[in-house]
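Annotated region 'Disordered' per TrEMBL: 1-20, in sequence order. Annotation source TrEMBL lists transmembrane segment at 30-50, 62-81, 101-117, 137-156, 168-189, 241-262, 289-310, 326-350, 496-515, 527-547.
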Amino acid sequence: MSEELAQGPKESPPAPRAGPREVWKKGGRLLSVLLAVNVLLLACTLISGGAFNKVAVYDTDVFALLTAMMLLATLWILFYLLRTVRCPCAVPYRDAHAGPIWLRGGLVLFGICTLIMDVFKTGYYSSFFECQSAIKILHPLIQAVFVIIQTYFLWVSAKDCVHVHLDLTWCGLMFTLTTNLAIWMAAVVDESVHQSHSYSSSHSNASHARLTSDQHADNPVGGDSCLCSTAVCQIFQQGYFYLYPFNIEYSLFASTMLYVMWKNVGRFLASTPGHSHTPTPVSLFRETFFAGPVLGLLLFVVGLAVFIIYEVQVSGDGSRTRQALVIYYSFNIVCLGLTTLVSLSGSIIYRFDRRAMDHHKNPTRTLDVALLMGAALSQYAISYYSIVAVVGGTPQDLLAGLNLTHALLTIAQHTFQNMFIIESLHRGPPGTEPHSTHPKEPCQDLTFTNLDALHTLPACPPTPRLVSPSPSDQREAVAIVSTPGSQWRRRCLKDISLFLLLCNVILWIMPAFGARPHFSNTVEVDFYGYSLWAVIVNICLPFGIFYRMHAVSSLLEVYVLS
């Protein structure tokens, strides 16, 4: 006792502190986010400033910035690929949920279309290279190289969980993501100003000038204009504007995949193959009633015909424009109404589905849900602006009624479709029913079952559900014995997902390739004024177009996992 008093009170053990890896993990993420914010604000300033002639920011300045960003991102991607090849231990884990095949396939498809667009842009600017800055011809060439290298990088590395040089990897991924967002902003501004310029003549608004290429390409030093007078030059010019939607979607697809990679840097994954939802190869229309695909294809074909009629007649006289708008709104009302009812039906079917909910951490699914909810806000905004304009406006005719119905159905369709998709993404695959709360019954929790052992179990139900055995034991029989109600629900869910997928494709094609009833229908323009309404549409509509394509990728995943 005296010795303890002499030594004084014992010191308590120090509190555990976060390891150096975790501290630097937070610091590296913060550094990469700050880098991305500053670069993105600089790009946004130049791109928005270059959209108007009254601002002394020329399109060559925008091209120079984008070219420099693409070169730096390309160099980092090459360094990353070389480093991971030389160091096999750099990627000890791979996220099975990241970079699904349909997302990478869409990235390749949009990347090919972007390469074709770069060819058209190179041909367009080369048509009068004697009076053009060299950066305008160099920009599409650098972008083509960037697209090729980045597509290969995301194809082979989308699932990587890197564990070396964390800070450099975080900053590199975030800078590449920012580069894609800057390219997306430039394409959206250019395409939106081009669409606004097409309608500005009828509203006597000359302030909406083209960003990069008009019939007269602006000379940076204020000299004479370069005339695009040849037929080949005009073909190149019109061609690359029609390919802008694919470039926009490519940049957004790449950004989402890069964000998931950024979240997976330094991530540790447990070896739980039972929770992996990697789908098995399936045929397109297997286990469906064919009602969903047939009805979806019918609406898709009718939608293409309506879109062609709209594009041909909307630029005519007043009566032809009104007729085109009536046809356009009528088709969209039918399509939106059917998709709303089908989405609501899918949510009702899930009330009777016994599949367990998947609560495991999944950065890909979290990002999908956030993008669906965030992108839908843009369509909500346009719809509510239209509702206020129609209700508060003076003309109460057939066109106003169709516009109001279209706006209300757009809100309902986005709401119920998001509910269906989000619940589908959080459902486990077939065969993941919740565990029973009655342990005394031996056949309640059958998961991987040997058929021979099944007959030895006492008092088993006549129709137990069997799930395919694990791949490690191939000699066990593989059988799926399901109740008729379960099979019926699965077929309905597959039909619903395919129908919604095809409808979202046609609803993406129409606005992406130039359908702008927001300007042809003068209700909103007269109520808000052309300048304010053009700003609202040009900001919100690109996110609405992205929502449709992102919903397509999510619905394809829902179909495969149903």
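Easy rule for this one: first residue shown is 1, then count along the chain.
Yeah, the Cβs are placed from backbone N, Cα and C, and that goes for glycine too.
Keep in mind that TrEMBL annotations are predicted by a computer and have not been checked by a curator.
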Please indicate, using numbers and ranges, the residues of the same chain that are 6 or more beyond the transmembrane segment (62-81) and have a C-beta under 8 Å from a C-beta there.
39, 42-43, 46-47, 50, 133, 135-136, 138-139, 142-143, 145-146, 149-150, 153, 156-157, 169, 172, 175-176, 178-179, 182-183, 186, 211-212
Which residues of the chain, 6 or more past the ends of the transmembrane segment (30-50), have a CB below 8 A from one of its CBs?
57-59, 61-62, 65-66, 69, 167, 170-171, 173-175, 177-178, 181-182, 185-186, 189, 211, 262
Based on Cβ pairs under 8 Å, which of the stretches 101-117, 496-515, 527-547 lies most in contact with the transmembrane segment (241-262)?
101-117
